[in-house]
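Visitor: My questions will all concern the structure given below.
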Amino acid sequence: MDHITVPKVENVKLVDRYVSKKPANGILYLTATHLIYVEASGAARKETWIALHHIATVEKLPITSLGCPLTLRCKNFRVAHFVLDSDLVCHEVYISLLKLSQPALPEDLYAFSYNPKSSKEMRESGWKLIDPISDFGRMGIPNRNWTITDANRNYEICSTYPPEIVVPKSVTLGTVVGSSKFRSKERVPVLSYLYKENNAAICRCSQPLSGFYTRCVDDELLLEAISQTNPGSQFMYVVDTRPKLNAMANRAAGKGYENEDNYANIRFRFMGIENIHVMRSSLQKLLEVCELKTPTMSEFLSGLESSGWLRHIKAIMDAGIFITKAVKVEKASVLVHCSDGWDRTAQVCSVASILLDPFYRTFKGLMILIEKEWISMGHKFSQRCGHLDGDSKEVSPIFTQFLDCIWQLMEQFPCAFEFNENFLLEIHDHVFSCQFGNFLGNCQKDREDLRVYEKTHSVWPFLVQRKPDFRNPLYKGFTMYGVLNPSTVPYNIQFWCGMYNRFDKGLQPKQSMLESLLEIKKQRAMLETDVHELEKKLKVRDEPPEEICTCSQLGNILSQHLGSPLTNPLGFMGINGDLNTLMENGTLSREGGLRAQMDQVKSQGADLHHNCCEIVGSLRAINISGDVGISEAMGISGDMCTFEATGFSKDLGICGAMDISEATGISGNLGISEARGFSGDMGILGDTGISKASTKEADYSKHQ
């Protein structure tokens with residue numbers, strides 16, 4: 001708060017570059033963590049919150065007719081144009097924002113003051129939620145070829161590696177230490193990912209300190225041991241992610257790349273991914289294109305091309321695809337490095353892991369991958385993201401490019417990822433917000449020195465709580481997609497508008513397909529909740545609906561009301577005995593057509609039984625029971641009666657059209673209606689008595 005000289009400024013305008021009308025006034029607030037702009041007019045009083053650590057640059061422009069302009073460009077690609085009345089106040093706000101956005105000390109970062117009102121136990125469990133070492137257990141490590149060693153527990157081997165590393169089981173500690181002395185920043189070759197299907201491994205390290213002629217026996221032994229963990233292949237790839245010219249230039253400085261003559265059975269490949277300085281310049285050119293107010297198609301496309309951004313994304317993806325094919329198709333292990341092994345190496349190993357393993361396309365998988373390949377393996381988040389006031393030449397969008405590669409894969413395989421675009425954007429926001437401790441410092445040792453596990457909170461529990469917001473509605477499940485084989489032809493590499501233009505809504509913001517799907521999913525969940533509530537109401541009835549809506553119960557009801565005239569027509573007419581026996585004995589000798597009529601009765605009775613079963617099936621399908629009606633939206637009327645289209649009569653009675661002949665002794669009023677309905681009282685309507693004619697016929701039969 002010492003840097004805030006003007007906490008509140010009135011009559012401030014927030015200019016929208018898409019809106020030509022005069023901007024409305026508002027109030028600008030400066031806090032220790034956020035810049036907040038509140039519109040002074042309007043019923044909603046819209047608020048704009050900008051985290052101070054998101055601010056990349058603050059630019060104070062010359063005074064105009066509107067006032068004193070102040071432009072903020074943020075690391076999450078928001079651009080805010082404010083206009084203040086007073087030049088003096090504008091200057092004070094400008095100085096405050098410069099100091100607040102990039103503090104000099106790590107302890108001044110937001111994470112050390114952020115307090116979500118959780119207990120100490122909750123904070124500690126949050127840090128244990130994602131464990132990168134457990135991922136190696138998922139790969140079956142330790143095993144006969146690989147071991148997890150804590151030889152780096154005091155950071156004696158490599159200060160930028162985690163305390164526990166995975167190395168070949170056959171090598172000695174002396175070999176590992178000797179190899180580390182031959183690698184830049186002591187970043188010795190260690191396991192990144194093991195493809196269990198064929199034991200092919202992806203390992204990572206930094207460039208060797210070979211110069212033109214230097215060699216190291218321990219380093220050669222370690223690479224040979226890595227190769228021998230995969231007996232299914234006679235060679236191992238060594239992938240240098242840099243352009244060959246850059247690697248050769250490093251040789252002159254005593255570094256460089258492996259000499260194939262000194263290493264047994266290796267095949268060397270260059271990937272041509274540019275360094276951090278080229279990437280920083282490329283992003284700057286891209287953002288200049290994004291800030292054009294009314295660009296023509298030619299201006300936008302030519303600017304996008306000249307930035308080279310999509311070419312860099314393609315190069316990273318091509319490298320990941322090469323490693324994937326080497327592991328899956330050629331069954332060969334791969335060792336990956338760049339210069340120091342914490343930028344391009346992290347990008348390429350992560351992309352290859354996502355292509356090979358569907359686990360990394362889930363919420364937990366991506367969080368573990370980021371923790372394992374980026375945080376614990378020493379990506380320099382503090383310097384690359386510009387968290388503190390320091391050398392601007394160390395800032396570079398390396399992690400942003402990694403998320404861009406994931407988004408490119410999501411565009412080509414929309415059903416293969418459990419999370420959606422918003423999950424990537426949320427992670428990107430918190431990498432720069434400094435609200436959580438995960439991305440502070442440049443390595444694991446830095447975070448321990450800062451005591452982030454005691455003083456700050458982990459971002460992963462926060463993201464897990466919001467999983468419903470980040471879930472991909474098109475996700476087909478863990479096992480639907482195996483190894484991904486994306487295309488990197490030019491027309492498949494797209495500009496990620498949702499990242500770089502996410503805050504430019506324009507006059508008529510386009511409707512996001514993802515938002516539409518999520519809204520549909522939300523509405524579906526609400527309807528399912530309504531149905532569940534209705535089902536609970538149905539169970540309140542005294543008699544369970546399934547006891548009413550069964551063929552046996554239906555038959556009992558018919559028997560009670562009719563004496564089973566359909567299933568036993570002779571008994572109903574007062575004739576004892578089986579029909580066939582009576583006919584053979586001549587008992588039923590009246591009229592030759594009587595037997596045919598009785599056969600017809602039995603046939604109709606069987607048909608009725610079948611129809612009853614069909615009706616019961618329909619009742620079960622639409623959950624009809626009791627006096628509780630299902631809403632009119634489902635096509636069912638109030639008193640437990642469906643409308644005519646469902647095929648049930650209003651009174652739910654059995655009546656009329658399918659009369660059994662008078663010879664059977666059942667009146668024409670007793671039958672199955674055209675609608676085949678049942679009464680709400682489950683009773684039988686109409687005259688159930690025996691007609692006069694049929695009674696006489698029955699008496700005549702008795703006399704016979």
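Backbone N, Cα and C atoms are what each Cβ position is placed from, and that goes for glycine too.
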Visitor: When Swiss-Prot marks a stretch as coiled coil, which of 110-136, 434-460, 515-541 is it?
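Guide: That would be 515-541, the stretch labelled coiled coil in Swiss-Prot.
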Visitor: Relative to the Cβ of Asp340 (phosphate binding site), which residues of the same chain, six or more apart in sequence, are found under 8 Å away?
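Guide: Non-local contacts for Asp340 (phosphate binding site): Ser184, Lys185, Arg187, Ser206, Gln207.
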Visitor: Any same-chain residues 6+ apart from Arg344 (phosphate binding site) with CB under 8 Å of its CB? Would you list them in sequence order, or say none?
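Guide: The list for Arg344 (phosphate binding site) reads Thr241, Arg242, Met271, Ile273, Ile316, Ala319, Cys338, Ile398, given in order along the sequence.
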Visitor: Looking at Cβ-Cβ distances, which residues of the chain lie under 8 angstroms from Ser339 (phosphate binding site) while being 6 or more apart from it?
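Guide: Set apart from Ser339 (phosphate binding site) by at least 6 residues yet with Cβ under 8 Å, we have Ser184, Ser206, Gln207, Arg242, Asn250, Lys255, Asn275.
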Visitor: Determine which residues of the same chain, besides Ser339, Asp340, Trp342, Asp343, Arg344, have their CB within 8 A of the center of the CB atoms at the recorded phosphate site, and list them by sequence.
Guide: Ser206, Ile276, Cys338, Gly341, Thr345, Ala346
Visitor: My understanding is the cutoff is Cβ-Cβ under 8 Å with a sequence separation of 6 or more in the same chain; which residues meet that for Trp342 (phosphate binding site)?
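Guide: Within the chain, Trp342 (phosphate binding site) has Cβ neighbours under 8 Å at Thr160, Arg187, Ser206, Met377, Gly378, His379, Lys380.
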